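Worksheet: the structure to be examined is printed underneath.
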Amino acid sequence: MDIQARAIASCILNSFERHIFIFSRETALAKSRFEQGDWHLVHQVARERTDYYDLRVQETRQKLKHDFAINKLDEVQWREVKGIYINFLQDHPQAELAESFYNSVFCQLFHRRYYNNEFIFFHSTLRQRQGANQLFTRYRLKANKSYKTILAIIENAGFSTPFPKLKREIAQLMQQFSAQSGISLNANEQLTLDIVDSVFYRNKGAYLIGRLVNKNQQTPFIVAITHDLATGLHIDALITSQEHMAVIFGFARAYFFVDCQYPSALVDFLQQMMPHKTRAELYSSIGFHKQGKTQFYRDFFDHLNRSDDQFVLAQGIKGMVMSVFTLPSYPYVFKIIKDEFSPSKNITKEQVKAKYRLVKLHDRVGRMADTLEYSQVAFPKARFSQSLLQELRDVAPSIVTVENDQVVIEHLYIERRMTPLNLYLADANAQQIEQAMFGYGQAIKQLIAANIFPGDMLLKNFGVTRHGRVIFYDYDEISYMNQVCFKDKPIPQNDEQRYASEPWYPVEPGDVFPEELGTFALANPQYKSAFLTHHSELLSSKYWQQIQQQVAQGIINDIFPYPEELRFCHLDEQ
């Protein structure tokens, strides 16, 4: 055995385990931060944790180059490095994550032509994922003793802060379980509850994840817990709908903090709850977004091998900064930055990348799509029509090249495909228009309350998900709320001013006139009417200034990832 090959493999694995140690240490502190109610620290740590992986990869790359003088690939040695590393991963609790870490380090060291299964884990070597023996606790329900069981579940979650209304909220939980699922927790039949041992934390919420097992039938559920700093902890809602659970774990949300030794087992459990969610999405949702990228890449190329349709330009109005294409049989879009932008776009490529990074690190509050960012991706050329390939090479020749039978894209973003809001509305009935315009206004309100000014708020820059949620996905003009100035237009004093084709009043960089939203984004009277029914205040600078002031004061609003009507505090009103 090559001693140096073993040392290299050990170095990579040790670096990975350092990453997992730091990641797990910060994740384990989520409980105390939730109970302290230090929401600014919660957001800060969430941003910092997103960068942990890349920092460890860069450290490992530098260490390998320094300690082993690695300047070029020794193919024989690195085949042995991979083989030794595979042996190291036998029975490793995070083996699939360790494979991805190895890939990241290798790809930082060597040229793309070596990115194949001979040298990296293009395909996982794990034949069987780690089991879930330590993942959840099973509670047996007995007739008319369910209250005690649920009380035990809450107590075992280990919260230190008291629940001042726990008895009442457990009763509401039991009543809601029966109302939503049709199953009484006090039934005489044999029922069991499987509760994931780790609590899920995100922003101002904590979540217990579980399932009710009734013979051969399973009913998954989520129990949402909030912290009112004035009174204590509260059971806030019960969620049993797969659609609502999918939104809680959606691609427009920040990543959860959940302390788990066996991520693959947790993803298995979650996928049973939400079968429409991919493993890539679920890995990302629990904080392992790099593993989400690896899983997506494998799933996507598996799909390419099982399909034969061609890439096409994505539906909607062509962007001035990005060119977007998609594969009709796969629910994602691929976005590349053009080499040159339309004259109206006063921005550089690096600034566009910085905007996408801002979104990655920021709380997306369920209203901005998460992205997967890739470099040096090789697609099969046969899947591109000549016209699409020419289009991409015309708008981005610096990053789109053809190498033999492959189209290589130097840098791209991948997002969940949505229906552009302007196209959705064109085919919508009156009720759908009402709901979509309500969602459009809510998206704007929640974004600005989270300190994100969307910039270009035209309908085409928002999409509608399969769950009917309105999501913002055009990031090149976003900014923080303190970087803009909200004003009312002055009243014209004569016809010359009234009908002027250009502003007759001074406009400074960063000036925003909210009333223009009604002119440019809401030209259709039916859309505007539906919008004004719910969000007329968005056309007033006073509202925007008020939110701007709240952001400056550090106020973090409550934004719940489940419908307001599910909250227990509203049950007495129904």
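Using N, Cα and C of the backbone, Cβ positions are placed for all residues, glycine too.
The annotation active site is assigned in TrEMBL to Asp370. For Ala314, Gln315, Gly316, Ile317, Lys318, Gly319, Met320, Lys335, the entry in TrEMBL reads ATP binding site. Among the features that TrEMBL reports, domain 'Isocitrate dehydrogenase kinase/phosphatase (AceK) regulatory' is placed at 9-308. Per TrEMBL, the feature domain 'Isocitrate dehydrogenase kinase/phosphatase (AceK) kinase' maps to 309-564.
Structure with TrEMBL features highlighted.
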residue	record	DSSP class
Ala314	ATP binding site	coil
Gly319	ATP binding site	coil
Lys335	ATP binding site	strand
Asp370	active site	coil
(message) Using a 10 Å radius around each Cβ and all protein chains in view, which of these binding-site residues has the most neighbours: Lys318, Lys335?
(response) Lys335
(message) Rank the binding-site residues Ala314, Ile317, Met320 by how many other Cβ atoms lie within 10 Å of each Cβ and give me the one with the fewest.
(response) Ile317
(message) I'd like the number of other C-beta atoms within 10 A of the C-beta of Gly316 (ATP binding site), please.
(response) 17
(request) Work out how many Å separate Lys335 (ATP binding site) and the residue listed as 'active site' at their Cα atoms, rounded off. (result) 13
(message) If you pair up every Cα among Ala314, Gln315, Gly316, Ile317, Lys318, Gly319, Met320, Lys335, the residues annotated as binding ATP, what's the maximum separation in angstrom, rounded to an integer?
(response) 15
(message) With every protein chain in view, what's the tally of Cβ atoms within 10 Å of the Cβ of Asp370 (active site), excluding that atom itself?
(response) 21
(request) Work out how many Å separate Gln315 (ATP binding site) and the residue listed as 'active site' at their Cα atoms, rounded off. (result) 20
(request) With an 8 Å cut-off on Cβ-Cβ distance and a minimum sequence separation of at least 6, pull the same-chain contacts of Gly319 (ATP binding site), or say none. (result) Asp474
(request) Pop the mean pLDDT for the domain 'Isocitrate dehydrogenase kinase/phosphatase (AceK) regulatory' (9-308) in here, whole number is fine. (result) 95
(request) Calculate the distance in Å between the alpha carbons (Cα) of Lys318 (ATP binding site) and Asp370 (active site), and round it to a whole number. (result) 21
(request) Run through the Cβ atoms and count how many others sit within 10 Å of the one on Gln315 (ATP binding site). (result) 13
